[in-house]
Amino acid sequence: MSTGFFGNLQPISYEGPQSDNPLAFRHYNPDEVVLGKRLEDHLRFAVCYWHTFVWPGGDPFGGQTFERPWFGDTMERARLKADVAFELFEILGVPFFTFHDADVRPEGASYSESVARLNDIADYIAAKMEKTGVRLLWGTANLFSHRRFMAGAATNPDPDVFAYAAATVKACIDVTKRLNGENYVLWGGREGYETLLNTDLGRELDQLGRFLSMVVDYKHRIGFKGAILIEPKPQEPTKHQYDFDVGTVYGFLKRYGLEDEVKVNIEQGHALLAGHSFEHELALAATLGIFGSIDMNRNDYQSGWDTDQFPNNAPEAALAYYYILQAGGFTTGGTNFDAKLRRQSLDPEDLVAAHIGGMDICAQGLKAAARMIEDKALSGPLEERYSGWNATEAQAMLKGERSLEAIAERVARENLDPKPRSGRQEKLENIINRYV
């Protein structure tokens with residue numbers, strides 16, 4: 001039985017690029033075959049629980065603007081929230097969803113009550129998954145909202161908070177496994193510090209390393225087949241976060257011997273906060289062998305914080321999916337919309353329209369990326385740029401067959417005087433726009 005929240009809205013269909021129907025897909029046809037795979041299987045779209053069904057529409061200067069019938073701290077409201085969530089999943093035709101424990105159940109008076117409520121709602125959600133065929137892309141624990149975590153979870157100076165966080169993650173991994181989740185995510189929003197004056201940096205990093213090692217050990221002990229993912233972010237809410245960016249996370253994983261066990265979930269907005277482009281973080285993660293999944297959104301170009309808006313820039317999406325496809329595409333990961341409505345967008349239809357737009361932009365970007373790969377539009381010029389390294393002498397230098405002295409001798413003997421060559425950046429940028 002329908003909740004009635006979305007009125008008479010029917011499942012969204014593909015009508016093609018010429019359609020002017022605001023509630024239809026113009027670029028996303030889930031069954032369209034691209035590079036030998038259905039578009040749905042390339043993109044693996046997911047709707048997130050937190051921004052879509054939990055966020056009240058507040059900002060630092062004003063409170064709640066959204067009035068949702070499921071808002072409240074009872075299990076009855078939690079079940080209504082799940083009812084509405086799965087209605088949206090079916091309207092959009094998305095194959096996946098994502099959640100934090102605190103998104104799906106109200107906080108209990110104790111740890112045990114919170115876990116009992118999580119298990120209760122997990123049974124309810126499992127029945128809906130069975131009925132609809134919608135799957136869980138990943139689960140995670142909210143270790144940042146409650147005041148107990150104000151000084152961190154794994155990095156907290158109080159060992160009891162560390163223990164509480166560890167127990168919470170165990171419960172969330174258990175539920176993620178029970179719901180056949182394909183990944184488990186850890187985001188360290190409070191894992192960092194505001195000032196070094198009250199922070200033992202080395203101790204906190206070691207605590208975080210031990211915590212993550214326990215998570216990996218537990219995954220293997222219970223036979224959870226999904227990937228463990230860290231989501232990098234440089235700041236916000238914490239001033240200095242330990243999972244700053246992909247490079248920082250990789251260094252952390254190497255230090256604690258976890259580089260073969262943990263991958264990254266990369267968010268577009270977090271990449272920008274770290275001073276990088278989205279494609280930089282994607283390409284680096286792929287190069288380092290730790291690419292896992294993405295949170296797709298965008299930040300406002302003028303604001304200096306994480307605005308979590310729905311994506312609307314096709315060239316940016318094309319570059320992102322270009323590097324994802326070059327890395328072999330998603331395996332357990334997917335495209336999770338970590339994006340929220342603007343606080344004035346009050347209508348149920350706004351939730352649908354926002355996701356339609358995001359899904360269309362991603363589809364448009366991926367199809368452009370696929371065409372660039374097929375035509376070698378970017379890889380051809382790249383191969384040419386580095387072609388000199390195919391020469392015998394160049395290969396000998398790379399393989400360690402030439403010492404510094406031997407190279408210096410050859411440079412002097414051959415009177416080498418290399419001339420600069422154009423990087424052709426503008427031509428390459430024009431290619432992106434042409435394919436989009």
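Just so it is clear, glycine is given a Cβ too, placed from its N, Cα and C backbone atoms.
Residues annotated as active site in Swiss-Prot: H100 (among others). Secondary structure at H100 (active site), taken from DSSP and collapsed to helix, strand or coil, is strand. Neighbours of H100 (active site), defined as other CB atoms within 10 A of its CB across all chains, total 21.
As annotated by Swiss-Prot, active site applies to D103 (among others), with the evidence given as sequence analysis. Counting Cβ atoms from all protein chains shown, D103 (active site) has 22 others lying within 10 Å of its own Cβ.
Residues or ranges marked as Mg(2+) 1 binding site by Swiss-Prot on the basis of sequence analysis: E231, E267, D295, D338. Sequence-distant neighbours of E231 (Mg(2+) 1 binding site) (same chain, 6+ residues apart, CB-CB distance under 8 A): V185, L186, W187, D243, V264, N265, I266, E267, H270, D295.
The annotation Mg(2+) 2 binding site is assigned in Swiss-Prot to E267, H270, D306, D308. All protein chains considered, the CB of D306 (Mg(2+) 2 binding site) has 19 other CB atoms within 10 Å.
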Additional residues surrounding Mg(2+) 2, by Cβ distance to the E267, H270, D306, D308 centre under 8 Å: K233, Q268, G269, L272, L273, D295, N297, N299, D338
Just to be sure I understand the packing, how many Cβ atoms besides its own are within 10 Å of the Cβ of H270 (Mg(2+) 2 binding site)? 29
I need the nearest neighbour of D308 (Mg(2+) 2 binding site) among the recorded positions H100, D103, D338, using C-alpha distances. D338
Using the structure shown, find which entry in D308, D338 (the binding-site residues) has the sparsest Cβ neighbourhood within 10 Å. D308
Within 10 Å of the Cβ of E267 (Mg(2+) 1 binding site), how many other Cβ atoms can be counted across all chains shown? 26
